[in-house]
Amino acid sequence: MSNSTLTLAQMLIARRSLTPDDDGCQKMIMHRLAGLGFKSDSMTFGEVENLWTRKGSDAPLVCFAGHTDVVPTGPVTQWDSDPFTPVVRDGFLYGRGAADMKTSLAAFVTAIEEFIELHPDHKGSIALLITSDEEGPAVDGTVKVVEALQTRGEMIDYCIVGEPTCTNQLGDTIKNGRRGSLSGNLTVRGIQGHIAYPHLARNPIHTAAPAIAELAQTVWDNGNEYFPATTWHISNIHGGTGATNVIPGEINLLFNFRFSTASTVDSLKARVHEILDRHGLDYELIWELSGKPYLTPRGTLADAVSAAIREVTGIEPELSTTGGTSDGRFIADICQQVVEFGPRNATIHKINESVEVADVERLARIYRLTLENLLL
């Protein structure tokens, strides 16, 4: 299986699938699985290509999910080899997307192939959900596929997202949830004027400062068994004309919550508005929800992946909810058990992105054993 997985990973890396361009990756996967009896549904929204392909109609349905798009390479001259010409060097496979996440996609496919070859009469069903819009806006990708599946009543029992989750070695980390992300665009209005005549103006920086300080010091929640406490941080702040003798007419702040299941979107919004209102600010606040938190407590899926990891690596994986958002947040709407597991993430989005060649086969074997743990 290792040569097959490595070869497929190299074929995928060679495709210049910069968001939202899939560059033929999904067709390659679709054609490979067609011979196994998979029925495919290509869903295009705008410039984004998505693939939903499934074999079987019985429960439980095990889904592998991932993305074919990759981030820009950065200066190509800083790479030791062309980022879209996959190279094996010193025991590592180099190329853009090697870790995030074309090796996982290749491992999905070869794991499924070997599982079906070994167990043609397995119970349940197997599916893949793949998008070319995970690294970008993520508005025409997985979220749209999930909406389509909801419309036709198609639910997933177990989903493994192939994001690169491991830190020091393959098998050390499973992501069993992610924090939510809620952003705010806050404008506090004052009255512009000459700085020598402050009685004829109202400085929004001065009026907003106490409220900003309170927001920064607020304990939003204490987290829980799976999540750290919710955080609130300012990412951008701007006020003034650039002159030293003008009191600005308004101040603008961009802020972001990374929040746990101990808080809700509505509770966070309400507390922010309460603080701003109590300080008597004249303001406008526009909210943007990038994703709600999701959590899969230890259970059937986490145990199945953990057992497969132990068998292949001898490592007891840690369950973690750290890091940014992923497409798991969308899939959680139609699947009660979602986890993420993939290769090491030390080089993702970096120059000379790579994955250890030995991990390519081991990752495919972990995915195949997970299928055995769930469908036999």
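For all residues, glycine too, the Cβ spot is worked out from N, Cα and C.
According to Swiss-Prot:
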type	residues	note
ACT_SITE	Asp69	active site
ACT_SITE	Glu134	active site, proton acceptor
BINDING	His67, Asp100, Glu163	Zn(2+) 1 binding site
BINDING	Asp100, Glu135, His349	Zn(2+) 2 binding site
Practice problem: Out of His67, His349, give me whichever of these binding-site residues has the highest number of other Cβ atoms within 10 Å. | Solution: His67
Self-check item: C-alpha spacing of the residue listed as 'active site' relative to Glu135 (Zn(2+) 2 binding site), in angstrom
Solution: 7
Self-check item: Entries of His67, Asp69, His349 which, being recorded positions, have CA atoms within 10 angstroms of Glu134 (active site, proton acceptor)
Solution: His67, Asp69
Practice problem: Could you check the recorded positions Asp69, Asp100, Glu134, Glu135 and say which one's CB has the fewest neighbouring CB atoms inside 10 Å? | Solution: Glu135
Quiz item: So what sits near Glu163 (Zn(2+) 1 binding site) in its own chain, CB-to-CB under 8 Å and at least six residues off in sequence?
Solution: Gly66, Asp100, Met101, Ser104, Lys175, Ser326, Gly328, Glu340, Phe341, Gly342
Practice problem: For His349 (Zn(2+) 2 binding site) and Asp69 (active site), determine the Cα separation and express it in whole Å. | Solution: 12
Practice problem: Indicate whether Asp100 (Zn(2+) 1 binding site) is helix, strand or coil by DSSP. | Solution: helix
Practice problem: Starting from the Cβ centroid of His67, Asp100, Glu163, which together make up the recorded Zn(2+) 1 site, report each further residue of the same chain whose Cβ lies within 8 Å of that point, ordered by sequence. | Solution: Gly66, Met101, Ser104, Glu134, Glu135, Val161, Gly162, Pro164, Ser326, Gly342, Ile348
Quiz item: Using an 8 Å cut-off from the Cβ centroid of Asp100, Glu135, His349, can you name the remaining same-chain residues around the Zn(2+) 2 site, in sequence order?
Solution: Val70, Val71, Gly97, Met101, Ile348
